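The next block holds one structure in the form of structure tokens; read it before the comments.
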Amino acid sequence: MRQRSLIAITAALAAGALTLTACGSRDNGKSSDSGSGGTTVTIGIDAPLTGDLSALGLGIKNSVDLAAKTANKQNYVKGVTFKIVAKDDQAQPSAGQQNATSLVADNSVLGVVGPLNSSVAQSMQKVFDDAKLVEVSPANTNPALTQGDDWQNTKTRPYKSYFRTATTDAIQGPFAAQYVYNDAKKTKVFVIDDKKTYGAGLAATFTTEFKKLGGKVVGTQHINPDSKDFSAVATQVKNSGADVVYYGGEYPQAGPLSKQIKATGAKIPVVGGDGIFDPTFIKLAGSNATGDLATSVGAPVEDLDSAKTFVKNYKAAGYKDEYAAYGGYSYDSAWAIIEAVKKVVDDNGGKLPSDARAKVTAAMQNVSFDGVTGKVSFDEYGDATNKQLTVYSVENGAWKAVKSGTYTG
Amino acid sequence: MNELPQQLVNGLLLGSMYGLVAIGYTMVYGIVQLINFAHGEIFMTGAFGALTVYVYILPNGTSMWIALPLMLIGAMLVSTTIAVGAERFAYRPLRNAPRLAPLITAIGLSLALQQAVWAWYPDAKSARTFPQIDGGPFHIGSVTIQTGDIFLLIAAPVSMAILGYFVMKTRTGRGMQATAQDPDTAKLMGVNTDRIIVIAFALGAVFAAVGAVAYGLKYGQIDFKMGFLLGLKAFTAAVLGGIGNIYGAMIGGIVLGVAETLATAYIADIPGMDKFGSNAWADVWAFVLLILVLLFRPQGLLGERVADRA
Amino acid sequence: MAVSGIGPVEPGEGTHARDTHSDGGALDPRGVRPSDSPPRKESWPRRHRRIALAAATACALLAGGGYLYATRPQKPAPAPPPFPSQVVDLTYLGQVTPAGGSSPRAPRFAMRLSVSHGPPVTVTRIGQPSAGITMSSTPAPPFRTKAGSVRKIVITMHVTDCGKVPKNAGLPFVDVTLRNTRAMEEHSFIPGSRYAHDLSTALQVACSNETRHHQNA
């Protein structure tokens, strides 16, 4: 009897464990076709490839893959073949740190694209910086990642190896506030966030600017991102008399939240940042989402000819998943790494130097090229110099660009 | 403060759902004293069963009035099959093993079910939308009730009444009570305890399926992780109400749901508590309540009516 | 496509008369099989074949050319002009304090507008979205700026209602309507924190009671 029970436990645990490992290994990227010999340089990817945010994560992974393939096809860096290794962080800081450690351990990795979440980035930055391995995030918007925790007063760059192609919330939050107050003429806001690094940070920068403009915050709430029941919060929103809701967080919660707020009879728009700018938001929020707003980093794809080429090539490559909100930025992040590797290889007589990681990190600072999202280069903090933002609104079940802005400060 | 009635209704709805799922925990515990941690996932598979019926079996655009009963049956079929299968193949071989063995099996089963749905159900890697009942919300005074919630509002008490009748009045129900009190004596009295245990698992799954359909209608989306947190809350509700007591499960669920909702809505209004009042803190307050109840009534709100075994 | 077009062109069995498994069937849409045809008709499929050969070669050339054209290295030759918002840059220079002393209720700011490339861009409107202020500029729109050139613009804020003026905006917009041969676009420029600081100081001065004293602060 005892043996039988042991067998059963082992079997059950093994089954569970196997399924888990299967999940893990499934998405670990297929390397791009390694053609001409020479050195192989790996571009690591860290993003949520499973779970709620996988739509964004898979877009990041595929776009980096496309960049690597394009570089290989053009033989862009002579004697170097790029391949990718994708790690799934499930949007968990702990998983992100483990991935960072294993990427550092792989000597062929000379640059990493990712992660999606600012909270995950916080757990990875030091690991990469200690190894002088360059990290370019296509999606992190929290200002502290590049400008230090005290960025409102004194900006200091915490890690020399961290760069990003996305615009920060220091601009995105106020940008949304300006639009909501001045253009949409809303004066009473109910602010909700998910208490995560990204969501809480974005809600804070929005609130500050909204108040400065003369708007009133009629209520605040923090939600539990694991929950789907926001009825209590929705009722509060309705009774607060707010004429707009700002949500700092991501679409898996924003969709149901918008739906439940509208269901109370409060016909007010929900506004969010790039974290809710995904078709899934509209799917989850249902038919009443019309009029909801999102700000997102970058100019709308229709405005950029380079982006149209990217979209065309992405479709031609036949990826199963959409490139999503950060596809263009991911491609540019990967291409920035490729440019930096090219510079290092060219300076070293066509060969990778022994301290390639440190050299690539140094070269990244001066990278400059015309990418999918416009001109790509980095300022002294590692932030993108190209700071464009766009407000999108839900119309007929799709996101439609309503206003774009360029930060030129 | 005309918000209070609405918040109470919100809590009642959330609590009814906890209660429907909690019944599964409490019945299984009452009879075999096993905490079936995979019950949250049985609830989740029920939701996917209902979705399968609507999306892949019924023709497109079927009216919800026709689809809903069929979806309910589909949900029950799937969840019951999985629950009974789990009992037969995972728990029965361990019935005489030390307590920890089935507990760990339950956790393993829970993970396996989650990952199986994630891996093999089409497009289940992110949330899938659940069909909705058309029509605007109903207004009763200052209280708004969504169309999707009507189902829950009707299904929860009806299910409870049926369950009460079944357990108290039918032969099988009395057999269950007997098995819960003392399985060995019940066996001697001619009760087929194996059958009773299977029925307990199946009934729990049926109620979980009703809860799952209600969840889908209420929130409009289901995902492979939905059973985890809800299962945990339902288990809490079962303990709060007095594990082993079916009415306790429902009462515990409602108390928990109302407590969470009121904590979200009102704790922040207490001076000096504004930091602890948000929705994110609701779970904390729910567990504070649980601890308080257990301090003063270790047997839960309604006590363990079924037995006083050592 | 190219491959199937080339297929029947090869001098195969079909070129010789009366070969039963010629691919004539594939060539002749009416399904006339050469083997069954009277000798008189023999020239018909042959001539037909020649036409087909010519057509197939043309097809192959077109397809090949098209393929090369489609997969030519990026930068398509007749690239459409860029959208105006992608080539225009507006940077803040500083507050203007003219010698004559302007009214403190109408602070003025200098901006530099540049067009990096593409066709000339016309600014058809320039404004700002906040309530309580109207904005004018010199030169007054519409004005045209060529690629590679730089234009200095001085904008003047006219406070109309101090009650509505945002006293301390952190990220004020300058809304511009731009037009070039590609499109007309509304775009917001955010000249950054220095402009925000200067603007809010100026607006506070404009709306304070003792305006005269603060004029030169």
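Positions of Cβ are set from backbone N, Cα and C atoms, glycine also.
Unlike curated entries, TrEMBL annotations are predicted automatically.
Annotation comment: TrEMBL describes B:12-35 (among others) as transmembrane segment. Counting same-chain residues at least six beyond the ends of the transmembrane segment (B:12-35), those with a Cβ under 8 angstroms from any Cβ of the stretch are 42-43, 83, 91, 95, 99, 102-103, 106, 149, 152-153, 155-156, 159-160, 163, 176, 179-180, 183, 196-197, 200-201, 203-205, 207-208, 210-211, 214-215, 218, 230-231, 233-238, 241, 243-246, 248-258, 260-261, 304, 306-307.
Residues or ranges marked as transmembrane segment in TrEMBL: B:42-59 (among others).
Annotation comment: TrEMBL describes B:65-86 (among others) as transmembrane segment.
Under the heading transmembrane segment, TrEMBL lists B:98-121 (among others).
Beyond its flanks by at least six residues, the transmembrane segment (B:150-168) meets 13, 16-17, 19-20, 23, 68, 133, 138, 174, 176-177, 203, 207, 210, 213-214, 217-218, 246-247, 250 of its own chain at Cβ-Cβ distances under 8 Å. TrEMBL lists B:150-168 (among others) with the feature transmembrane segment.
Annotation comment: TrEMBL describes B:196-217 (among others) as transmembrane segment. Same-chain neighbours of the transmembrane segment (B:196-217): 16-17, 20-21, 23-25, 27-28, 30-32, 36, 39, 42-44, 46-47, 49-51, 68, 71-72, 75-76, 78-80, 82-84, 86-88, 92, 130-133, 148-149, 151-152, 155-156, 159, 163, 166, 172, 175-176, 179, 186, 226, 230, counting only residues six or more beyond its ends whose CB sits under 8 Å from a CB of the stretch.
Tertiary proximity for the transmembrane segment (B:237-259) is limited to same-chain residues at least six positions away from its ends with a CB under 8 Å from its CB atoms, namely 8, 11-23, 25-27, 29-30, 156, 160, 163-164, 167, 180, 285-286, 289-290, 293-294, 299-307. Residues or ranges marked as transmembrane segment by TrEMBL: B:237-259 (among others).
Long-range neighbours of the transmembrane segment (B:280-296) within the same chain, counting only residues 6 or more positions beyond its ends whose Cβ lies under 8 Å from a Cβ of the stretch, are 233, 236, 239-240, 255-256, 259-261, 263-264, 267. What TrEMBL records for B:280-296 (among others) is transmembrane segment.
Sequence-distant contacts of the transmembrane segment (B:98-121) (same chain, at least 6 residues past either end, Cβ-Cβ under 8 Å): 33-38, 40-42, 44-45, 48, 82, 86, 90-91, 224-225, 227-228, 231.
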